[in-house]
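The structure under discussion appears below in the form of structure tokens.
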Amino acid sequence: MTPSSLDTPEPVPPDLSGWPGWSRGDDKFDDGLVLELCRLWVFKGAVEEEARVQHLDSWTWGKWSQKHVKRRMRYQNAWIGQKLESTGLELPGPVVRLCLAHIWGRPGEEGNKELWGRSRNLDSSPLDHPKRHKNSFDQTPDNSTQLHETNMSGSQEKVAVETVEAADSDRGTKESGIASPAPINPDDFGFTPQEQKKIIRQIDRRLVLTVGALYCISLMDRTNLGAAMIAGMGTDLKLIGNRYSVITLVFFVTYVIFQPPSTVICRKIGPRLHMSVITVLWGGVMIGMGFIPTWGGMTAMRLILGVLEAGFFPSCVYLLSTWYTRYEVGVRNSIFYLCGSAASACAGILAYGLMQMAGLANLNGWRWIFIIEGILTVLLGTAGYWLLVDFPDSKRKTWAFLGERERAWICARVQQDRGDVKPQPFSIIKYLRPALDIKIWAYAMIFFNTTTVTYALAYFMPIILQYNMGFSVGAAQCLVAPPYVFGGIVTYLTGLAGDKFRLRGPIIIFNCILVLIGLPIVGWATSPGVRYFGIFLMTAGGNANVPAAMSYQANNIRGQWKRALCSATFVSFGGIGGIAGSLVFRSQDSPHYRPGLYACFATTGLNILLVCLLSLYFRHANAKADRGEVELECDGDDDYEPGFRYTY
């Protein structure tokens, strides 16, 4: 298959039987293996010998260990790595450039000779042994990617690529509904910088704001117990002893258990259907909580609420990471979480207003808190069916807000950024195998430590303000809002700084320092005003670390199913942090709550230690990858693009 139209002389394919002569005996690879990988057509006059020596012998094959030979990605990395391309452009005279294994449309400078290759599609059967596909190129594949046209005019390059259903269509493309995306340059779509920004803003408005609004109501629904408690729920339901802590705790039992399968369900049926349905259902549960007569019934309803909400937050984390590149997701995570902070800020004021409905329909005020907030949840969940978007590689060919060309550009950007836009077929082994990666659990532990602090504040801040600092019920409800407003500002600014400077670890450490400064002020200062200032610092640092931790893990994993598992384990540990947060500030420790403060000290300090250890590991791993010793985040049967680097 030859290029049909080129601004260069007609290619003259050499006699393929002469390949062994092209590769001398001192080469550090098997001639037959190269023939299996690709068949090259050399333009007449290309400098074959110089290209062979500089591209193959001195750069790649001699550096590899035998145990990694089975990885097809190693072969791709050898032929299309950055060092190879830079070497090609520096060669004197006619330039040889290698175009291999789905890599098309990368013309060199004007007038350069080109060397094109064609690769048989090996995706459907990974190269477990170098001899497995011997003589495979004696056969012609039925379907392939065809390069139709390459026009070069100075610095302007346009490539038209027709993608036909390839032999590996069952490697995730059937699930996604689109053809296997060729890893072409996003610039080849021809969008101007202004048009690109407009597309991203459209996605921000439709995706980030929608999931943010739903998360707002989700967080309000799961943390309104504190408001209901001081509005009379404790008296009506006879919440004596540790019954309030039990009601708080049981939610997280089912919330944690049902999270791992939730991201698989989300990937299979799509976030639009999955997230809208569970939102409507848990809204119905909230309404029912307003009519519960006993504390045992409230416990049962909280268990059901945990089952339904388990699928929401990890699906949001997963969905956001699929639409944006690694250094765009930080500020989007911050905006998404800001909506939750807005919920926490407004929840107290809203609850205080709903308390004034006491006596209406012979219901106490705390019951109206659950009923009205449940109705709002059902309405938002219903609207979410039309407002939420699916994954960018979904079966829908067009969107009301985004055309197919724009969607393809989004996929190309993500593919260029981390090379995992195409999901592979689901298997339980592939889904669970990343659990052997200790980094997955380090990310999860960071989130556990973070949410221990944030949930403790969400549940007990109204109680601490009333009983510890001496504010009235109304004042305690209203004074919840300002710390969350300040926390929202810090959250946005740290997310923006993290994306701009491509930092993740230092942002988390900075937020932890805010918490460590605020804790002793809350615990040991004597003035209520000064202690209230300490709550500002604790709330800002703790809440800003939620999107910061989300971005930290999202930037340092790749692969759709690994991302799904990591999102589930990450948020599950956050749920366990919610359990811990519900227990650290115990009623018997009133009014000083010192054990709870000590627990927050410990979890925050552990976060700093974990981030430092991970960042040191990332730096070391990146250095090894730069030397060509390893390919990061790539298993033996993965087909991701090379060049991934950790962010720290």
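Every residue gets a Cβ built from N, Cα and C, even glycine.
TrEMBL annotations: computationally assigned, not manually curated.
Quick look at what TrEMBL annotates:
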type     : residues : note
REGION   : 1-21     : region 'Disordered'
COMPBIAS : 112-129  : compositional bias 'Basic and acidic residues'
REGION   : 112-191  : region 'Disordered'
COMPBIAS : 137-156  : compositional bias 'Polar residues'
TRANSMEM : 207-232  : transmembrane segment
DOMAIN   : 207-623  : domain 'Major facilitator superfamily (MFS) profile'
TRANSMEM : 244-265  : transmembrane segment
TRANSMEM : 277-297  : transmembrane segment
TRANSMEM : 303-323  : transmembrane segment
TRANSMEM : 335-354  : transmembrane segment
TRANSMEM : 366-388  : transmembrane segment
TRANSMEM : 440-465  : transmembrane segment
TRANSMEM : 471-495  : transmembrane segment
TRANSMEM : 507-526  : transmembrane segment
TRANSMEM : 532-552  : transmembrane segment
TRANSMEM : 564-584  : transmembrane segment
TRANSMEM : 596-618  : transmembrane segment
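Take the transmembrane segment (532-552) and the stretches 244-265, 335-354, 366-388, 564-584, 596-618: counting Cβ pairs under 8 Å, 335-354 has the most. Sequence-distant residue pairs (6 or more apart) of the transmembrane segment (366-388) and the transmembrane segment (596-618) include fewer than 3 whose Cβ atoms are under 8 Å, leaving the two stretches without contact. Taking Cβ pairs closer than 8 Å, the transmembrane segment (303-323) reaches residues 203, 207-208, 211, 214-215, 218, 221-222, 250-259, 262-263, 265-267, 271, 274-275, 278-279, 281-282, 285-286, 289, 329, 332-333, 336, 389, 391-393, 410, 414, 421, 550, 554, 560, 563-564, 567-568, 570-572, 574-575 in its own chain, all 6 or more past its ends.
Proximity of the transmembrane segment (244-265) to the transmembrane segment (564-584) is established through 3 or more Cβ-Cβ distances under 8 Å for residue pairs spaced 6 or more apart.
Packing against the transmembrane segment (335-354) from elsewhere in the chain are residues 204, 208-209, 211-213, 215-220, 223-224, 227-228, 231, 316, 320, 365, 368-369, 372-373, 458, 462, 474, 476-482, 484-485, 487-488, 491-492, 495, 543, 546-547, 550: each is 6 or more residues past its ends and has a CB under 8 Å from a CB in it.
Within the chain carrying the transmembrane segment (277-297), a Cβ under 8 angstroms from the stretch's Cβ atoms is held by residues 214, 217-218, 221, 237-239, 243, 247, 304-305, 308-309, 311-312, 363, 367-371, 373-382, 384, all 6 or more beyond its ends. Scored by C-beta pairs under 8 angstroms, the transmembrane segment (440-465) has its highest count with 564-584, from the stretches 507-526, 564-584, 596-618.
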